[in-house]
Amino acid sequence: MERSTNARHSTLSSWTRESNTLSVLSKDVSLEDAKEYWKDCQADGKVDWIFEKLLNKLKILWQKIKDGSATNLEYVRAVILVNEAEQLEEDTETLHTDIQKENKVQENTDCAPERKEDSCADLNSDCETDVSGSECEHEDHSTVSPPATGAVCFGKHLCGPSCLSDINPSLLKKENPLNLPVSCDFQRWRVKTNGSEYPPHILYKAPCGRSLRDSDEVHSYLTETGCHFLGVDNFSFSTQVQLESHLSIKQEIVQDCDISNDVESVPVSLSNEIDDTRPTNFIYRKTSWPPGYSINNFTDIFVKCCSCTDGCLDISTCSCLQLTAQAFEKFTDSSLGIGPLGYKHKRLQEPVPTGLYECNLSCKCDRTLCQNRVVQHGLQLRLQVFKTDTKGWGVRCLDDVDNGTFVCIYAGRILIRTADSSVKTTLEDSVACGNEAKEDNGSTSTLMLSKRKRKPSHSDSEVTVMHLTPYSMRSLGLSVHRQSNTLSLTHLRSGGREISLEPFRRPKTKTSMLQKRRRQLIEEGACTVHNSSEEEGPTPPQSPKQKFNAGRKIHRNENSDETASGYVSEESSSSVISGGHPSEKPTCRTKSKLNKMTPHLSTSPEQTCEEDLHFLDASKEGNVGRFLNHSCCPNLFVQHVFVDTHQKSFPWVAFFTNSVVKAGTELTWDYNYVIGTAPDQEIQCLCGQQTCKHKIV
C-alpha cells in the first residue's frame, strides 16, 4: 500500500511538472506570434494535414489508455490534453474570431530547414516553410499507419535509421506501389504557388517531417535512413498520377484473383465481363526457361561486376553502367552530343537500342538501393488480364502508372535451332522424343517467317507478326552498323504472334563448337532433351537412334545469301530447347543483300558468323506479357535488358511505359509490322487509334 501511495504521489508530481512547463510555454507565446504562425500555416496549406496527423496520434493514445499499454509519459500527456481541451472549450467564445481567421488550431510544427544538428529521436512535427505562399492539397488516399510514439515536439536532426524505425514493412500489403509511401506515414502534397505562373508540383513529407521535392532528395533520404522496404520508384512527382485512381469493374462473369498462382510477388487478376470463357491453359512462368547462362554452358555469364556504395549512380565508378554506355557509344555519332541513356531513378524514359546492362548476382552493391536493378525485381504493378470487346484477351493496369515505369517482361520457353546454309527445307524438331510437328504449307519471301494463316476474326492477342526493327535508330540520330549476316533472327511468339528481337552476334568460340557437338550427339541418339521439368537436362535415350521430324522449314531463294526462317507451329510441341544439326561448318559473310532490308545491332562492325537462332515461345508457357495486344499508338515500348547473363543472345525482353497511364487503360505495344511485307498474312487492325495503319499480321 505504501509503495502504491508513493508511486501515485510521484506520478502526480510529474503531472505538476508537465503542467507548469506547459504554462510557462504558453506565457512565452504572444497572441500576435500565434496568429502570425497560423497565417503562415494556412498559406502553406498545412492545417488539414496537421490535424489529420493529430487525430491519428489521439487515436493511438486513446487505444493505449483503453487497453492499459500506455507508458507513464503517455498517461501524463493524456491528462494534459484533457485539461487543455476543457480550457479550450471555455475560451472558445472569446477566441472565436481569431480562431476562425486561422481556420483550425494544430499541434504539430514543421521541421526547420536546417536539420543536421540534433539526433532524430522525435518523429512527429513539421515546421518547414519551404513552400510558403502556396496552396497545398494533401493527397492521403489510403489508410495511414501512424507512428507508435505519442505526440512529442520535434527538433532539428540528422536523418538516420531512427526516422523510419516505427514503420513495420511486414504490414505493407501488395497494393499500388505508389501508395506504399503513404502507408509508411509519408505525405504526398500537390503544391501550387499563389500568383505564380509555374504549374503545380508534387511534394512529399517524410515521417520525420523532412520535405522531399524530387527523386534525388528521395534517394538521399532512403540512403541516409537505410530504408530497405521502399524504393525511389515508389515515389511519383507527376501531377497526372493520382493515388486514389482505381479501376471500377462491372459485373464479372468470370474472375480469378491470381492466374500466376503466387508465382508473381504481385497477384495477376483475371476478369471477364463479356462471357464465361477463360484463357487457354498454360504454364505460368515468372521468367523465361531455361536461363540464358545455362544454354551458354555457364560460360561468359558476366563480363563485369561492380561494388558501388552510392546506389550505382556514378557512371565513372560503376562497371555495369559503363557496359551500357560503351555499347551505346559504338553506334552513336559523338558529334550529336547524345549522352548515355539508361535508368533514371529506376525509370526508363526512352529505349536504349544497344540494350541495358543491369547489376548482376556478382555485384556487391545493395540490391534495394541500387538504381540499376529494375527488371530483375520482377512484376511490381497490379495488372489484370481482361476480355476485350473485339480483340480477345488484353492486359490493363489497376492503378495510375508513371512514365518510364517497368511493367513486365515477356517470358516463355527458349527454343534453339541452327540456320545452316546446307539445310534448305528442314529444321530440327524441338522435341527429341520424336513428337511430330504439323507441317506448315504457307511460305513467305526472304526474311519472313512461314506462318499459319489466321482468320480475320482472330484477336490481336492471337495474330502473327514479324517485328524487324523494334527501335528506330534514325529517331535517335544514331549511326547504325548494319550486320552483314542476317540469317539468324530471334523471335518471340505468344500463341500465333511472333516478335523479332534484334540479334547480337559474336565470332564462333570454343563454346559454340561444343554446343554443335552436343547437338550432333542429340541427333545421333547419344542424348535427348526432355520438356518435363526445369531440373531435367540431357539424359541417355531409352531407345536407339531417333530421327527428328522436320515439321518446320527454312525457305531459301536461289540466291544463297537470302534465306528465310521457318515458323514453329502453335500445334507442335515447341516448348523445349531444340538445336540445329549442321552438316557443314558455318561460313562468315561480310556482305549480303539482306543488309538492305534489316538493320542489325552487332557487338562490332567486324565480320560476324552464323550462330543458333533463339526463339522465345509463350504459346504454352509464359507470363502476363503474352496477353499484351498491339496498338498503332501504344503506351509501352520494348527494351532488351541483360540480367542473368551478358551473352548477347539472351537478353530479357521488358516493357516500359512511354507516358503516364491511367488506371483501367489497356496496355499495348507496337508490333512494328511494315504493311505489304506479308500481304497474304495481313488481317485488320482493331486498335481504334486515329493513326491506325489498319493492317497487322
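Numbering starts at 1 and runs along the chain as displayed.
Glycine residues also receive a Cβ, built from the backbone N, Cα and C atoms like all the rest.
According to Swiss-Prot, the protein has these features:
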- Cys306, Cys320, Cys359, Cys363: Zn(2+) 2 binding site (BINDING)
- Cys306, Cys308, Cys312, Cys318: Zn(2+) 1 binding site (BINDING)
- Cys312, Cys359, Cys365, Cys370: Zn(2+) 3 binding site (BINDING)
- Lys391, Gly392, Trp393, Arg626, Asn629, His630: S-adenosyl-L-methionine binding site (BINDING)
- Cys632, Cys685, Cys687, Cys692: Zn(2+) 4 binding site (BINDING)
- 565-581: compositional bias 'Low complexity' (COMPBIAS)
- 172-242: domain 'MBD' (DOMAIN)
- 304-378: domain 'Pre-SET' (DOMAIN)
- 381-672: domain 'SET' (DOMAIN)
- 438-461: region 'Disordered' (REGION)
- 529-605: region 'Disordered' (REGION)
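For Lys391 (S-adenosyl-L-methionine binding site), the nearest neighbour among the binding-site residues Cys308, Cys365, Cys687, judged by Cα separation, is Cys687. Each of Cys306, Cys308, Gly311, Cys318, Cys320, Cys363, Asp366, Arg367, Leu369, Gln371, Asn372, Arg373 belongs to the same chain as Cys312, Cys359, Cys365, Cys370, is absent from that list, and has a C-beta within 8 angstroms of the C-beta centroid marking the Zn(2+) 3 site. The shortest Cα-Cα distance between Arg626 (S-adenosyl-L-methionine binding site) and any of the binding-site residues Cys306, Cys359, Cys370, Cys692 is the one to Cys692. Take the mean position of the Cβ atoms of Cys306, Cys308, Cys312, Cys318, the recorded Zn(2+) 1 site; other residues of that chain with a Cβ within 8 Å of it are Ser307, Asp310, Gly311, Leu313, Asp314, Thr317, Ser319, Cys320, Leu321, Cys359, Cys363, Cys365, Cys370, Asn372. Secondary structure from DSSP puts His630 (S-adenosyl-L-methionine binding site) in a beta strand. Of the chain residues outside the Zn(2+) 4 site list Cys632, Cys685, Cys687, Cys692, His630, Ser631, Cys633, Leu686, Gly688, Gln689, Thr691, Lys693, His694, Ile696 have their Cβ within 8 Å of the site's Cβ mean position. When the alpha carbons of His630 (S-adenosyl-L-methionine binding site) and Cys365 (Zn(2+) 3 binding site) are compared, the span between them is 37 angstrom.
Note on proximity: among Cys306, Cys312, Cys320, Cys685, Cys692, the binding-site residues of the record, the Cα nearest Gly392 (S-adenosyl-L-methionine binding site) is that of Cys685. When the Cα atoms are compared, Cys312 (Zn(2+) 1 binding site) and Cys685 (Zn(2+) 4 binding site) turn out to be 43 Å apart. Cα distances from Cys363 (Zn(2+) 2 binding site) to the binding-site residues Cys308, Cys370, Trp393, Cys687, Cys692 are smallest for Cys308.
Break the domain 'Pre-SET' (304-378) down by DSSP state and the numbers are 17 helix, 4 strand, 54 coil. Note on proximity: among Cys308, Cys320, Cys365, the binding-site residues of the record, the Cα nearest Trp393 (S-adenosyl-L-methionine binding site) is that of Cys320. Once Cβ contacts within 10 Å are tallied over all protein chains shown, the binding-site residues Lys391, Arg626, His630 are led by Arg626. For the binding-site residues Cys306, Cys359, Cys370, Asn629, Cys687, a Cα-Cα cutoff of 10 angstroms around Cys318 (Zn(2+) 1 binding site) retains Cys306, Cys359. Cα-Cα distances to Cys687 (Zn(2+) 4 binding site) place none of the binding-site residues Cys306, Cys308, Cys359, Cys370 within 10 Å.
Distance from the CA of Cys308 (Zn(2+) 1 binding site) to the CA of Cys632 (Zn(2+) 4 binding site) is 41 Å. Taking a C-beta cut-off of under 8 angstroms and a sequence separation of 6 or more, Cys308 (Zn(2+) 1 binding site) has the following same-chain neighbours: Asp314, Thr317, Cys318, Cys363, Lys364, Cys365, Cys370.
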